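What follows is a single structure, written as structure tokens, with notes after it.
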Amino acid sequence: MEIVSAISLWFIPVMIAFILIYGTYKKVPTYESFVEGGKEGIKMAVSIMPFLVGMMVAIAVFRASGALDVMVGWIRPSLEMVGIPAEIVPLALIRPISGTAALGITSDLIGVHGPDSFIGTLAATLQGSTDTTFYVLTVYFGAVGIKKMGDALKVGLLADAVAIITAIIVVTFMF
Amino acid sequence: MVNYIWVVMILIGLGFAMVNGTMAEVNEAVFSGAKEAITLSIGLISILVFWLGMMRIAEDSGLLSKLSTLFKPLISKLFPEVPSNHPAMGYILSNMIANMFGLGNAATPLGIKAMEELKELNGGKNEASRSMITFLAINTASITLIPTTVIAIRMNYDSANPTDIVGPTLVATAVSAVAAILIDRFFYYRRSKKG
């Protein structure tokens, strides 16, 4: 585990050093290249804005109205029937929709049940092993102007479902 | 489909607020949601500028195409439509590597850049190509080696061993990534059958 955290700490600095040394060695005008590339970043951030505002307002309205809670309440019994613990249900349903909301629920579950409890471990695994599908879709497709998403949303949500089920099975076995 | 999901989500929320008496909360949510989105995009600017700058050096020096040649066998199986020496490959790879190390902040700019290259490969059309959907599927399943945020939360709550979560996450993420690729393939073959 020591090695793992060391790698994550050293990864970015080593990568930066490597890119700079290699670029200098290949006689790339490093600073000018950096500035040129950086300009694109500003354009990108601005072009994501409307996509994010649209999506995040919709999610915020849905959540604040209480509709999300009611929906979770409806789906909960059938999920419990297949062995998904009740405490984890809201997290499982919100994880693909809102990353910040999911993070809030995860911290809450870990706080209430303890970080090393079954629920706490399950919440942490769930949070770490899937990504916010809606966010990835909005940002990635939004930034480059993809309007027809095709099967992307379906594929993403199905993959999330598999990830959630896998997390439950894995944590149940490890506990 | 996004259009419907978006409208339905807002309308249900508004309808619900009328019946449920949560209008005040919804009113606030409209503005706080919008504000949060802008804060997020502005927060992204610094990281986008820095990483895209760095990656431009990597691209100009040929490092990116070197990287993609190295992992060519694996990636070209996943993305059969992308020529192996295309810069898209390099960006896809760097995005996956950043994700593996839990560097979501570094992964986003690289992912967007990869999308841009994929769009160009697709003739600049505004519809998602096969490779784009595969790339998204891999990203939403997010192959993670080190879930940094989660470890930080566990530390906050005095876990006996915060990094214990790495094991279960690794297994869960590996299985779900494989599943994501299979699901993606399934939908692709279903599409191509329909013609």
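For all residues, glycine too, the Cβ spot is worked out from N, Cα and C.
Predicted, not measured: the structure shown is a model, and the values here were computed from it.
Positions annotated as transmembrane segment by TrEMBL: B:6-26, B:38-58, B:88-112, B:133-153, B:165-188. Among the features that TrEMBL reports, domain 'Nucleoside transporter/FeoB GTPase Gate' is placed at B:43-151.
Counting Cβ pairs under 8 Å to the transmembrane segment (B:133-153), the stretch among B:6-26, B:38-58, B:88-112, B:165-188 with the most such contacts is B:165-188. Simply put, out of B:6-26, B:88-112, B:165-188, B:88-112 has the most Cβ pairs sitting under 8 Å from the transmembrane segment (B:38-58).
Same-chain residues lying 6 or more positions outside the transmembrane segment (B:165-188) and placing a CB less than 8 Å from one of its CB atoms are 78, 130, 133-134, 137-138, 140-147, 150-151, 154. Taking Cβ pairs closer than 8 Å, the transmembrane segment (B:88-112) reaches residues 44, 47-48, 51-52, 55, 58-59, 63-65, 67-68, 71-72, 75-76, 79, 82, 118, 121, 131, 135, 138-139, 142-149 in its own chain, all 6 or more past its ends. Across the domain 'Nucleoside transporter/FeoB GTPase Gate' (B:43-151), the DSSP tally of helix, strand and coil residues reads 81 helix, 1 strand, 27 coil.
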